[in-house]
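Pulled from Swiss-Prot, these are the features on record:
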- 112, 113, 114, 115, 116, 117, 118: ATP binding site (BINDING)
């Protein structure tokens, strides 16, 4: 590979996409350094593995580095990037480094606008259950790994493929999974036709001996499959899917054991039997079936696939229980797009809570502007809704695009009362006041809303004490 490199430097090493690659490189024996604006649990873990992590971005941080890796969030004005250019140190995107790791491996790339992280984690679990010991790089902390990356001993590498900046077109892989396409990342893509062309190009990167595993339930994806020039295997509840899903209600014993999904799968008319999941929602059944398709393609016995999925415990910030107080569950989820919000709320409804109280933090001004009407119709399964200010994610404000405008639009479209919470403290008070025993409070968004859970739990505990 690039064995002669002495030091690889990551600008923004604490990012979820960057840290996984850095961890694998550390485990391969490379010297790794990096910088981030502030320390975190992620940077502390990397330091424990041997990385040198600098707080803040300074030109001196790249001294001695032989390559500098950046994410799409880092621009050319960054002092470390500028210093690297001035000294002719190669500056590459994280996708180029991931591509180099995948180039000499049996790569499996997981793409799609929604569900990538969970599907990547499930595919990794299936390969591990089949004793294939994969290397894994994923965009979220996986409970079973205790991290977002692991170095396996086999030639298999499972990686999440980032379409947000088209960088997934740089990757090398044998098989690809595509979960869906949607109106997302429209700051990168001109329109849906551009999205479609790019995903067709991605799927055509599969070699002639590989396969594309595609969700047949996503109509926009299904519509472009005839344009793909590679072998395609489909999955879904749609009749005619190669891997056909039949959902079955869990029985009382399975529910007591913590299972939330039960389904059977037929592969081209042949039954693979029933499967159980501990994560809720039809979207997770689809994600699991993508992993089943990969497992079957790699000749992993169905019983080993079944056992691996039954033990799958989920991913950080994907319907993650933060705690319970006064018989009220506080759950956090990364969902920040209308499609994800609808799927998460449907999963919450499946769990049988009395009422669902949602605290939503919109993510990016451009996404809020472009999908305002879609957001307005996404909260139908919520019993109460509290909106925080838009999390900018480095974007500048856009005139007329704000939480108050979104709240008005939701009320116009759905007729539901929507409350603006001007701070985390106010949101915690509102949600905790509304919730009663048997309810759930769901925090939603891709920003820092996950930090709200402890405040809500504190309010709920205080409410219980006051009631006593």
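Glycine residues also receive a Cβ, built from the backbone N, Cα and C atoms like all the rest.
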Are there any residues at least 6 positions away along the chain from residue 115 (ATP binding site) with a Cβ closer than 8 Å to its Cβ? List them or say none. 179, 180, 283, 286, 287
Taking the Cβ of residue 118 (ATP binding site) as the centre, count every other Cβ atom within 10 Å, in any protein chain shown. 31
Same chain, 6+ residues apart, C-beta under 8 Å of the C-beta of residue 116 (ATP binding site), given in sequence order: 110, 139, 160, 161, 179
Taking all protein chains shown into account, the Cβ-based neighbour count within 10 Å for residue 113 (ATP binding site) is 23
Close in space, distant in sequence - residue 117 (ATP binding site), Cβ under 8 Å, 6 or more apart: 138, 139, 140, 160, 315, 318, 334
Cβ neighbours of residue 112 (ATP binding site) where a neighbour is any other Cβ within 10 Å: 25
Residue 114 (ATP binding site) CB neighbourhood, other CB atoms within 10 A: 22
Give the sequence-ordered set of same-chain residues, not counting 112, 113, 114, 115, 116, 117, 118, with Cβ within 8 Å of the centre of the Cβ atoms defining the ATP site. 110, 119, 179, 180, 287
Is residue 114 (ATP binding site) helix, strand or coil when read with DSSP? coil
